[in-house]
Amino acid sequence: MIKQRTLKTSVSTVGVGLHKGEKVQVTLRPAPANTGIVFRRVDLDPVVDIKASPEAVGETTLCTCLVNEQQVKVSTVEHLLSAVAGLGIDNLIIDVDSAEIPIMDGSALPFVYLIQSVGIETLNAPKRFLRIKKPIRVEEGDKWAELLPYEGFRVNFSIEFEHPVIEKTCQTMSMDFSSCSFIKEISRARTFGFMKDIEFLRSHNLALGGSLENAIVLDNYRMLNKNELRYDDEFVKHKILDAIGDLYMGSASILGELNAFKSGHGLNNLLLREVFKRTDSWEWVTYEGDKTSPIEYQEVNATAF
């Protein structure tokens with residue numbers, strides 16, 4: 001039987017929030033089977049839990065933000081969720097003492113390391129996969145995203161940026177996660193932004209925690225970071241990283257093929273909402289006996305790089 005996963009013990013880290021620029025502490029805690037992924041605002045009295053779900057997603061302009069009926073928010077959740085998804089974690093309580101998850105280095109790698117530091121515990125309950133049975137597609141102008149039936153998880157993603165640095169890189173990427181490693185191939189890809197947009201955001205008291213230490217920053221012609229790209233195709237790989245996190249709002253790995261063109265947080269969420277709305281287009285599946293997982297989850301103690 002392929003079993004559900006959580007952490008062996010709790011683990012904490014501290015970082016800076018992207019938009020407020022304030023210090024934030026996050027603690028990942030083990031959770032029982034069938035809990036899902038729950039964000040807990042421990043800075044509030046009483047504490048407030050917000051379970052990751054497609055319907056809980058509110059603002060998606062600059063990041064993915066969860067919000068409840070009382071307008072309590074937790075923003076910038078996508079990189080942490082991407083790490084959780086990439087390591088196949090089904091159940092987790094995430095304590096956070098702010099309205100945003102720290103940006104860390106702009107990728108999912110610090111959260112992967114955090115989980116690796118304590119290890120993964122298997123639970124005596126079958127792991128549930130969301131298997132796509134029929135094509136599901138959403139569009140927004142020239143942007144689109146779709147999920148097709150596939151016995152595994154495959155991603156075909158394209159971006160289109162008219163910038164001399166990005167145009168020199170591959171803007172289309174195909175990856176099959178039945179064989180490739182999320183940790184090695186995706187987790188290190190950093191978020192990126194343009195100087196003109198950052199200046200506008202800061203004039204509105206946003207992106208106050210953004211820096212060359214946690215993002216790839218581009219002016220009109222070049223990359224301002226001194227260090228080279230972590231991947232030759234880091235820009236499109238970060239968009240895949242985001243999509244993996246956004247599509248994990250259902251606290252379950254998807255069995256299907258994701259095809260996307262210029263998709264972002266909003267369209268990713270719209271696609272997942274459409275999936276849950278069209279109940280005839282998907283089903284829950286578990287794997288009993290000696291069957292192996294259709295998605296490759298990196299063993300946390302293995303050498304990933």
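Numbering starts at 1 and runs along the chain as it is shown here.
Cβ coordinates are placed from backbone N, Cα and C, and glycine is handled just like the others.
So that you can see what the record holds, here are the features copied from Swiss-Prot:
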- H79, H238, D242: Zn(2+) binding site (BINDING)
- H265: active site, proton donor (ACT_SITE)
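D242 (Zn(2+) binding site) and H265 (active site, proton donor) have their C-alpha atoms 7 Å apart, to the nearest angstrom. Cα to Cα, H79 (Zn(2+) binding site) and the residue listed as 'active site, proton donor' are separated by 12 Å.
The Cβ of H238 (Zn(2+) binding site) lies under 8 Å from the Cβ of S107, A189, R190, T191, F192, each of these being in the same chain and 6 or more residues away along the sequence. Sequence-ordered, the extra residues of this chain that approach the Zn(2+) site, with Cβ no more than 8 Å from the Cβ center of H79, H238, D242, are E78, S82, G106, S107, A108, A189, R190, T191, K239, I240, L241, G245. Under 8 Å, Cβ to Cβ, and six or more positions away along its own chain, H265 (active site, proton donor) finds T60, T61, C63, T64, E78, D242, D246.
Neighbour count (other Cβ atoms within 10 Å of the Cβ, all protein chains): 24 for D242 (Zn(2+) binding site).
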